[in-house]
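Asker: Mind having a look at this structure? Questions to follow.
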Amino acid sequence: MATPGAASAELVIGWCIFGLLLLAILAFCWIYVRKYQSRRESEVVSTITAIFSLAIALITSALLPVDIFLVSYMKNQNGTFKDWANANVSRQIEDTVLYGYYTLYSVILFCVFFWIPFVYFYYEEKDDDDTSKCTQIKTALKYTLGFVVICALLLLVGAFVPLNVPNNKNSTEWEKVKFLFEELGSSHGLAALSFSISSLTLIGMLAAITYTAYGMSALPLNLIKGTRSAAYERLENTEDIEEVEQHIQTIKSKSKDGRPLPARDKRALKQFEERLRTLKKRERHLEFIENSWWTKFCGALRPLKIIWGIFFILVALLFVISLFLSNLDKALHSAGIDSGFIIFGANLSNPLNMLLPLLQTVFPLDYILITIIIMYFIFTSMAGIRNIGIWFFWIRLYKIRRGRTRPQALLFLCMILLLIVLHTSYMIYSLAPQYVMYGSQNYLIETNITSDNHKGNSTLSVPKRCDADAPEDQCTVTRTYLFLHKFWFFSAAYYFGNWAFLGVFLIGLIVSCCKGKKSVIEGVDEDSDISDDEPSVYSV
């Protein structure tokens with residue numbers, strides 16, 4: 001018989017893996033932010049803020065497999081609870097995860113609504129050399145106050161918004177919906193926190209639709225297509241230089257006799273001279289790229305990039321198929337929009353929903369897969385942001401360039417990634433709803449068996465995978481799932497957002513297929529902050 005210490009042992013295993021992953025996350029965030037920040041405009045506070053905010057989001061997402069691991073390890077594969085998993089211990093373990101979410105989500109609210117806006121506006125004011133540091137802080141606090149007010153409003157609305165599902169539904173499914181809404185508790189503080197985080201997750205959904213969906217198609221196709229040849233681009237650039245020089249010479253020849261140039265020719269001459277400066281700058285960068293050992297090294301890795309591109313597009317198709325089947329299942333079998341399209345049981349199986357519970361039985365294989373999925377979303381989101389840029393409606397605010405991203409753009413970048421990572425938890429639920437809800441838990445059901453040797457029927461207890469049909473005391477729902485479904489209207493918005501995600505992915509796939517190869521120095525024409533003596537890092 002297992003001793004009470006087994007509970008502590010199981011808990012320690014899950015949290016030890018979480019601790020190791022935490023260290024890996026911090027290392028990844030430091031490398032990632034340092035890779036993109038500008039070398040000439042690097043600021044310590046903005047760098048630390050970007051690393052910390054991105055790390056908090058990733059750590060929160062890393063709590064998902066810990067949550068699933070702990071509820072799964074309360075039960076044996078035969079559907080019975082383990083000896084140590086009595087009601088008090090189960091509640092204690094669940095509360096441990098819940099307190100983890102409380103802490104991390106509170107820190108996220110602090111970062112999004114106070115610290116990141118404050119640092120951003122501080123550096124916006126710092127660009128003005130005439131202002132003192134005290135004035136910069138006061139101005140930054142004044143603008144940040146608006147974000148604090150928004151956060152306070154979200155907390156107030158979340159604390160008192162009605163959670164009751166419609167009472168005109170009498171079916172057993174609606175009783176289950178009501179149970180799920182009430183399971184996490186009726187605390188106003190918890191409801192306020194959940195509402196605020198769900199609001200941020202909704203914004204993250206919009207960012208995922210804009211950037212991640214496009215990046216999932218752009219990243220693999222860019223790897224497969226590669227970039228244009230530096231030598232060929234340099235040849236074309238040389239021809240353009242000669243052509244522009246001829247135009248300049250033609251215009252200047254009109255004033256050889258001392259006559260002043262007409263205003264039209266002056267404007268044309270100015271444009272050609274500006275164009276010539278840009279072309280010569282491109283010439284220097286192309287020459288550097290062509291002779292670089294890094295270019296030759298990347299050329300040798302070209303077959304590997306093609307293989308990675310094919311792998312990424314296959315993974316993208318796997319996600320899209322799983323998401324489509326999951327959403328179709330909700331459309332056909334859910335309890336409706338008033339329940340947030342909550343689904344009871346998997347009527348249409350999808351690949352990830354079948355794979356994750358199998359991997360979960362061999363810890364930490366599912367942890368590894370979840371980490372890969374989250375990292376995949378991060379890299380595809382980054383690819384989308386690099387291709388599209390950061391926009392406010394039709395105005396481009398910032399470009400994201402490796403080694404050339406300004407402090408303000410870096411904060412924007414990490415804010416967007418933070419919101420996308422928040423939405424990742426719901427994306428994983430959409431891809432594998434049964435896994436996120438119950439993990440690998442089984443419960444016992446009574447089955448009647450007719451025996452030829454004995455008159456009458458006998459009953460046999462057989463294990464069955466946990467689903468919404470299971471008795472409430474036989475299966476433990478993850479805290480993550482309950483956080484995601486505290487408010488039904490957010491779940492409904494996520495459902496429609498998934499369809500939009502699929503649509504944007506298909507559009508991005510078509511656009512990426514139609515676009516030609518990227519320039520080996522793409523962006524050099526637009527980057528006014530590139531100095532002539534700094535031709536370094538480009539994507540090759």
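Glycine is no exception: its Cβ is also placed from the backbone N, Cα and C atoms.
If you look up Swiss-Prot, you'll see 1-10, 72-100, 166-188, 327-364, 430-486 marked as topological domain 'Extracellular', on the strength of sequence analysis. Positions annotated as transmembrane segment by Swiss-Prot, on the basis of sequence analysis: 11-31, 51-71, 101-121, 145-165, 189-209, 306-326, 365-385, 409-429, 487-507. Swiss-Prot lists 32-50, 122-144, 210-305, 386-408, 508-540 with the feature topological domain 'Cytoplasmic', giving sequence analysis as the kind of evidence. The N-linked glycosylation site annotation in Swiss-Prot covers Asn78, Asn88, Asn170, Asn347, Asn448, Asn457 and is backed by sequence analysis. Residues or ranges marked as motif 'YERL motif' in Swiss-Prot (evidence: similarity to another entry): 232-235. Marked as phosphothreonine by Swiss-Prot on the basis of similarity to another entry: Thr238. Residues or ranges marked as motif 'WTKF motif' by Swiss-Prot on the basis of similarity to another entry: 294-297. Marked as phosphoserine by Swiss-Prot: Ser528, Ser531.
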Asker: Are the transmembrane segment (409-429) and the transmembrane segment (189-209) close enough that 3 or more Cβ pairs fall under 8 Å, when only pairs 6 or more apart in sequence count?
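Answerer: Stretch pair touches.
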Asker: Taking the Cβ of the residue listed as 'phosphothreonine' as the centre, count every other Cβ atom within 10 Å, in any protein chain shown.
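Answerer: Step by step: centre on the Cβ of the residue listed as 'phosphothreonine', count other Cβ atoms within 10 Å, giving 13.
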Asker: Look at each of the glycosylation sites, Asn78, Asn347, and point out the one with the fewest other Cβ atoms around it within 10 Å.
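Answerer: Result for the glycosylation sites Asn78, Asn347: minimum number of other Cβ atoms within 10 Å at Asn78.
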Asker: Count the CB pairs under 8 A between the transmembrane segment (409-429) and each of 101-121, 306-326, 487-507, then give me the winner.
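Answerer: Selected stretch: 101-121, with the most Cβ pairs under 8 Å.
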Asker: Tell me the residue counts in helix, strand and coil for the topological domain 'Extracellular' (430-486), as DSSP assigns them.
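Answerer: Once the DSSP states are binned, the topological domain 'Extracellular' (430-486) shows 14 helix, 18 strand, 25 coil.
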Asker: Mind checking which residues reach the transmembrane segment (101-121)? Cβ under 8 Å, same chain, six or more beyond either end.
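Answerer: For the transmembrane segment (101-121), the far contacts come to 45-46, 49, 52-53, 56-57, 59-60, 63, 139-141, 143-144, 147-148, 150-151, 190, 193, 196-197, 200, 408, 411-412, 414-415, 418-419, 422, 479-480, 483.
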Asker: Can you tell me which parts of the same chain pack against the motif 'YERL motif' (232-235), counting only residues 6+ beyond its ends and a CB-CB cutoff under 8 A?
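Answerer: Distal contacts: 283, 286-287, 290, 519-521.
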Asker: Rounded to a whole angstrom, what is the C-alpha distance between Thr238 (phosphothreonine) and Asn347 (N-linked glycosylation site)?
Answerer: 62
Asker: Between Asn347 (N-linked glycosylation site) and Asn78 (N-linked glycosylation site), what C-alpha distance do you get in Å?
Answerer: 23
Asker: Excluding the flanking five residues on each side, which residues at least 6 beyond the ends of the topological domain 'Cytoplasmic' (32-50) place their CB within less than 8 Å of a CB in that stretch?
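Answerer: Distal contacts: 111, 115-116, 119, 122-123, 400-408, 410-411, 413-414, 529.
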Asker: What is the three-state DSSP composition of the topological domain 'Cytoplasmic' (32-50), stated as helix, strand and coil residue counts?
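Answerer: DSSP composition of the topological domain 'Cytoplasmic' (32-50): 12 helix, 1 strand, 6 coil.
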